[in-house]
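These come from Swiss-Prot:
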{"type": "BINDING", "residues": "LYS78, HIS196, ARG279, ARG346, ARG365", "note": "substrate binding site"}
{"type": "ACT_SITE", "residues": "HIS231", "note": "active site"}
{"type": "BINDING", "residues": "VAL264, VAL265, ILE266, GLY267, PHE268", "note": "CoA binding site"}
{"type": "ACT_SITE", "residues": "HIS270", "note": "active site"}
{"type": "ACT_SITE", "residues": "ASP321", "note": "active site"}
Amino acid sequence: MSEAQPLVTPKPKKSVALSGVTAGNTALCTVGRTGNDLHYRGYDILDIAETCEFEEIAHLLVHGKLPTKSELAAYKAKLKSLRGLPANVKAALEWVPASAHPMDVMRTGVSVLGTVLPEKEDHNTPGARDIADRLMASLGSMLLYWYHYSHNGRRIEVETDDDSIGGHFLHLLHGEKPSALWERAMNTSLNLYAEHEFNASTFTARVIAGTGSDMYSSISGAIGALRGPKHGGANEVAFEIQKRYDNPDEAQADITRRVENKEVVIGFGHPVYTTGDPRNQVIKEVAKKLSKDAGSMKMFDIAEALETVMWDIKKMFPNLDWFSAVSYHMMGVPTAMFTALFVIARTSGWAAHIIEQRIDNKIIRQSANYTGPENLKFVPLKDRK
């Protein structure tokens, strides 16, 4: 367990709207209270990221506690049973063109599932948790059923016997069970992405939930928010930056020139963390292990070289997205699916926040600072020029 550090109050960032504003209460997560820490329901991310399976973290967030050995076995069996897709959902996914972004596919899949298996009108908590479990179990099925059908006309079987959500995703993607290293790497990355307090997509989910809307609508809205390159899409952009270079020296020279020209480099800095992203040290080690296992250090070395330059020149640290891009690439995940994996993980956090917002039972309605014109004289339509 990490030692307690003094709490800090980060300065609001001009580039982030509402930075530093407290918008509500949560018992789910704390971010950056000492500058570089992250806790899920009181547990330090550095204690659980590599030691827990993703299903343990999902149980912690959605069901309120870390499971016992028997509870975990039962939970994994439940999730495994929820991987299948209703025929209507498959039919809808077959209409989505191959050119669609995976995030749009997942948003569509969630919406269709919400019409086929709608939430009960009373929005009871056990039912909400069941929906969250079904979504975490089947989001990979939705994406990869669409992917194989739209790209090569294959209707794949999505119900595999893989032990984990991450293993299930990789199995459907590649058509074979992943190695233990890949499955462990996927578990760790999903753990790191699972929850992050009042970020844009989570707050979107809470705003929707606060209106009394259903779980599917709240999750769909969150997916829409996460799709943006300033939020979840950052890991895709990060890899596009990394892959344009052939070697670390070329990367360092070019990025130095770009930074000097005031270009923003996606994958560095964070709206809340002030001294570093605690998730980076974990995912960087994952990326390194995967690269060594593949016998190809090129992308890792380039990413690390860029990390050094950004710190030396700008004193900016990499966030989770930077080395997760390398990790997913080394496991053969298409770049456009990077953020989709984020969705699978973050659904656990979103669902927990939706349930928490429902318990609070208040609509979220903030005020705006008006900056428009005042006291204009009305001109009837016939007199306007």
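Glycine too: its Cβ is placed from the backbone N, Cα and C atoms.
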Practice problem: Find the one among the recorded positions LYS78, HIS196, HIS231, ARG279, ARG346 whose C-alpha lies closest to that of GLY267 (CoA binding site). | Solution: HIS231
Quiz prompt | Among HIS196, HIS231, HIS270, ARG279, the most crowded of the recorded positions [Cβ within 10 Å] | solution = ARG279
Quiz item: Counting across all protein chains shown, how many other Cβ atoms sit within 10 Å of the Cβ of VAL265 (CoA binding site)?
Solution: 19
Quiz prompt | Nearest recorded site to ILE266 (CoA binding site) by CA-CA distance, among recorded positions LYS78, ASP321, ARG346, ARG365 | solution = ASP321
Quiz item: What residue among the binding-site residues ARG346, ARG365 has the most other CB atoms lying within 10 A of its CB?
Solution: ARG346
Quiz item: Which residues, sitting 6 or more apart from ASP321 (active site) on the same chain, put a CB under 8 Å from its CB?
Solution: ALA234, ASN235, ALA238, ILE266, GLY267
Practice problem: Identify which of the binding-site residues LYS78, VAL264, GLY267, PHE268 has its Cβ surrounded by the largest number of other Cβ atoms within 10 Å, counting every protein chain shown. | Solution: GLY267
Practice problem: Quick one: of the recorded positions HIS231, VAL264, VAL265, which has its CA closest to the CA of LYS78 (substrate binding site)? | Solution: HIS231
Quiz item: How many whole Å apart are the CA atoms of HIS270 (active site) and HIS231 (active site)?
Solution: 10
Quiz item: Within 8 Å of the centroid of the Cβ atoms of VAL264, VAL265, ILE266, GLY267, PHE268, which other residues of that chain place their own Cβ, given that this set defines the recorded CoA site?
Solution: ALA234, VAL237, ALA238, ILE241, GLY269, MET310, MET316
Quiz item: Within 10 Å of VAL265 (CoA binding site) (Cα-Cα), which of the recorded positions HIS231, ARG279, ARG346, ARG365?
Solution: none
